[in-house]
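Undergrad: Supplied in structure tokens, the structure appears directly below.
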Amino acid sequence: MALGTTLRASLLLLGLLTEGLAQLAIPASVPRGFWALPENLTVVEGASVELRCGVSTPGSAVQWAKDGLLLGPDPRIPGFPRYRLEGDPARGEFHLHIEACDLSDDAEYECQVGRSEMGPELVSPRVILSILVPPKLLLLTPEAGTMVTWVAGQEYVVNCVSGDAKPAPDITILLSGQTISDISANVNEGSQQKLFTVEATARVTPRSSDNRQLLVCEASSPALEAPIKASFTVNVLFPPGPPVIEWPGLDEGHVRAGQSLELPCVARGGNPLATLQWLKNGQPVSTAWGTEHTQAVARSVLVMTVRPEDHGAQLSCEAHNSVSAGTQEHGITLQVTFPPSAIIILGSASQTENKNVTLSCVSKSSRPRVLLRWWLGWRQLLPMEETVMDGLHGGHISMSNLTFLARREDNGLTLTCEAFSEAFTKETFKKSLILNVKYPAQKLWIEGPPEGQKLRAGTRVRLVCLAIGGNPEPSLMWYKDSRTVTESRLPQESRRVHLGSVEKSGSTFSRELVLVTGPSDNQAKFTCKAGQLSASTQLAVQFPPTNVTILANASALRPGDALNLTCVSVSSNPPVNLSWDKEGERLEGVAAPPRRAPFKGSAAARSVLLQVSSRDHGQRVTCRAHSAELRETVSSFYRLNVLYRPEFLGEQVLVVTAVEQGEALLPVSVSANPAPEAFNWTFRGYRLSPAGGPRHRILSSGALHLWNVTRADDGLYQLHCQNSEGTAEARLRLDVHYAPTIRALQDPTEVNVGGSVDIVCTVDANPILPGMFNWERLGEDEEDQSLDDMEKISRGPTGRLRIHHAKLAQAGAYQCIVDNGVAPPARRLLRLVVRFAPQVEHPTPLTKVAAAGDSTSSATLHCRARGVPNIVFTWTKNGVPLDLQDPRYTEHTYHQGGVHSSLLTIANVSAAQDYALFTCTATNALGSDQTNIQLVSISRPDPPSGLKVVSLTPHSVGLEWKPGFDGGLPQRFCIRYEALGTPGFHYVDVVPPQATTFTLTGLQPSTRYRVWLLASNALGDSGLADKGTQLPITTPGLHQPSGEPEDQLPTEPPSGPSGLPLLPVLFALGGLLLLSNASCVGGVLWQRRLRRLAEGISEKTEAGSEEDRVRNEYEESQWTGERDTQSSTVSTTEAEPYYRSLRDFSPQLPPTQEEVSYSRGFTGEDEDMAFPGHLYDEVERTYPPSGAWGPLYDEVQMGPWDLHWPEDTYQDPRGIYDQVAGDLDTLEPDSLPFELRGHLV
């Protein structure tokens, strides 16, 4: 309320101030010259406002002033984008319109009229535009939107601060919807002039009813349509209500022992909800409870089974929470009713007839007390005395004493003591005994075999003792010759005697004695007794000897000693006959006269004399006692112990086989008594340690165990055995098998072509088997691996592969494989070198190499040949040996297996000195061969050859040809063709320029064509291919199948018919053909010009020079096909020339190169190569049909030393040709040097 009063007073003061200023500035009547005047206005920030100004003189200049600042007569009012003049100036309307007002617009305004012809200057009264700024936010402490925890009854301070506003807002604080009266507010200046902030402070004391309610701070202002609010939720902590125990039933605390009691305890209210626990006599018994937040209830249920000792126990439930001042409690005292836990009868219910029986009955503690009564059968007996005493747990104990006379007819009746009470009407408590009245038996007898009957030992006999009457039941005791019969506790005799228990049938009692008869039962007396009564019977038992014993006159025997053995049969019924045998062989003995023995039987004896040997050791001498009447024999044996020195048995192993790196066991089969004291092994004169070693151990049986056996362990082992009687010796052989190892292999093995040779492989192996040698030939083709034409020979440790009439195809790598059954097999590679005379590559009768003869270029001549052994190359020029000491000549020689190359590099080629015929001669020990190479000038190319059709469609034809000599410069190809019946030729350049296949497109179906081919380079055109012979072609019709051979190599995809209109396509193709023809014709004309220029230059040289003659002759030469097919280098049957240019040549082999300057020859360094690889793959392919030399280099396998060129000694051979004139990219004739624009010779 105080805050509202303060705010209203501030607003009233502001209103009075504004009203006074208005009254001061604006008179009561409208001044002259104005028909409308501005008024004081109040608007909310962000709204639009209009100050009216109507002038009676429309032509006057009008402007507004803001706090004395002139805004200018411009209606757009520059510098104030939100200001503008509204209205019709012609009517004198100059209203000031302000958009989106803000605090800067809060000022005094006046409308001013300038002097004019129509009237004097005028000024309107000043008016005030008041801008109301609403508060944007409220800052609440504690923070708005949170949950604030307070304790009920305590005072707390809440602060609420408004944001900037004009005028100062009115702040109200509410809790649970009720306005808080204890509040104070302070109005402070805002962040800008004319703005205010209000800070309100309230003191709040929450109640439990405020829990989960909102505390709201509201700020109201004339600038707000509705108050703004900020709030937080109050979490009020308060203690719970007292706990209440909900007792089931009306009698609180009364309960019966054994009852399952469930007591709920409920505490309502509280924040947090109450924590409950149960106590019994002050001790916690349950701390589990549950809560129901929707009903604000805490509940705990105590579950217990009531026992008698719980009588008088105090059960209480306690409730409290974190803000409780103390613990609230509700308690109940238990009153427990419980019956006696047991009834006990003291005294014995067994008595002799006609004597008194005295008993006492006592009940355990009960609440309330119980009464006792006695029953005998269905007859109630009266007690002599009854007593009541205090018991446990507040209960009582009852006791009753009884005395009565025992009679025989009452025997077996039930005597019962019963306890009862009105509190336990549904239960009966009693204790019962069986009355036992004692009296004696009347008769006793035995049932069993009749006396005098002969029973064989082992027979099962059943004796039954019977008696009539008697209580207690007669025990019926059995006796044997005055000794009590009992079952033996020894396991071996557990089945001999079985004594049954006393059994009753009516008034008759019986007890069974079952026994298996033995010698001790013979003539024995068996008696049964029951009290003073007894009965007896006697058995007659026949039995074999109870024991047969052998007595000896000596214990230690040696071969040749005499031994006397006596056999004694202790007792038998009837008497027995004795006999001797040794391991089944019957012996004669001497019998002694019979005599009396135990168990009323008879004894017998018989002796035998033996002479022993070592073979008798361990043998058994058996004495047999036989009863003819019983048909049974009892035997006993004596084992002979003969002392003798060690003797090796016949099954002793003499040879033991083992595998290297495996184990071996040298067994011992020896016989000795006593056992050998030591086993001593020796090997090659050295004794093996009995304690064992790194690779051997002597077993307890004397056997020798070896492991990690090596071939050095092979040999004879000697064993010495010794005991106290003497020594013995044996020899065993250990045969160690080991994997084969190739010891000798002649690598390489050399043979001349057509000769014979043996490839010898010698091994070290054990065992040596006849078929353990195998041979393999290493090659890529199965045909290369066949050994059918070779002979395999094996003799002992040496295997041979014999080759007859050696051929070049048999040269290469072979592998000797030896397998004697012990892994791993041995393998080793070797090389077969087939020596043959050199064979130089003869691609054509004459090879041309072009180079510029201006003494600035270099040329390289390549000569390649095959041959074994290594080849030495020599060069001649025009038949004269070439002087390689001349620095202008450099030769590089390369060797790779049987392929050899010589590169002759001529520096500063001179037309006068070097345009000549060079001859390369390859020589080895078996012969020589040579070839010629012509060094010529750079010239126009030779005509291509072999133009043929490889594919044909209605609109295209695939062509293929072989290029001619390019003249030492890059050459290109041009195709000329014409359609029969159509005038004019068509020219097509082949793309890419150096391709040798091309697809000619744009043809018409079912049309005959003629095709020509020519080549050109920077110096001119060649003649037409195949001496100008035309190639006739007829395209198939659209419905005819197209011919496309399997080996077609098209370079451009055929452009067949498509969905485009045919006429535009034909026009486009025609335009392309015209352009192509123009280019070809232009090229021909230009080449002719160059040729005329070259001919002019050549006229100044010697017309009859030898070089020019040779060149011209060679250019016109053709391959005649007269050479032998084995030396031909082409793969087809057509006779075509072969040319080699410097641009085409690049060594395909990077072999170990050697620069031959003075000495040449085979160094033999390659003999240590680890793997021969395809040593003579290229040699094996010397004679295939029409075989070319090209694949020769592709198939050569390089060794690891051949993968790079030595950088320190040799340059990359491909760099030799870097300066060849043919490598110049000068395709334009004008850019060609003058001396290269024609033939110099």
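Yeah, the Cβs are placed from backbone N, Cα and C, and that goes for glycine too.
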Undergrad: Say a student had to find the phosphoserine annotation in Swiss-Prot: which of SER60, SER176, SER432, SER602 would be the correct pick?
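TA: Going through SER60, SER176, SER432, SER602 one by one, Swiss-Prot annotates SER432 as phosphoserine.
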Undergrad: Have a look at ASN356, ASN1077 and find the one that Swiss-Prot tags as N-linked glycosylation site.
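TA: In Swiss-Prot, ASN356 carries the N-linked glycosylation site label; others show none in the record.
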Undergrad: Where Swiss-Prot annotates a disulfide for CYS265, which of CYS217, CYS317 is the other cysteine?
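TA: Going by Swiss-Prot, CYS265 is disulfide-bonded to CYS317.
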Undergrad: From the disulfide entries in Swiss-Prot, identify which of CYS761, CYS863 pairs with CYS816.
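TA: Partner cysteine, according to Swiss-Prot: CYS761.
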Undergrad: For CYS160, which disulfide partner does Swiss-Prot record out of CYS101, CYS217?
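TA: When Swiss-Prot is consulted, CYS160 turns out to be bridged to CYS217.
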Undergrad: Between CYS53, CYS101, which residue forms the disulfide that Swiss-Prot gives for CYS111?
TA: CYS53
Undergrad: Out of 132-152, 636-656, 1056-1076, which range is noted as transmembrane segment by Swiss-Prot?
TA: 1056-1076
Undergrad: Mind looking up the mean pLDDT for the domain 'Ig-like C2-type 2' (143-234) in the predicted model?
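TA: Averaged over the domain 'Ig-like C2-type 2' (143-234), the predicted model reaches a pLDDT of 93.
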Undergrad: Using DSSP, how many residues in the domain 'Ig-like C2-type 7' (740-832) fall into helix, strand and coil?
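TA: Tallying H, G and I as helix, E and B as strand, the rest coil: 6 helix, 52 strand, 35 coil.
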Undergrad: May I have the DSSP-based helix, strand and coil counts for the residues of the domain 'Ig-like C2-type 2' (143-234)?
TA: 3 helix, 53 strand, 36 coil
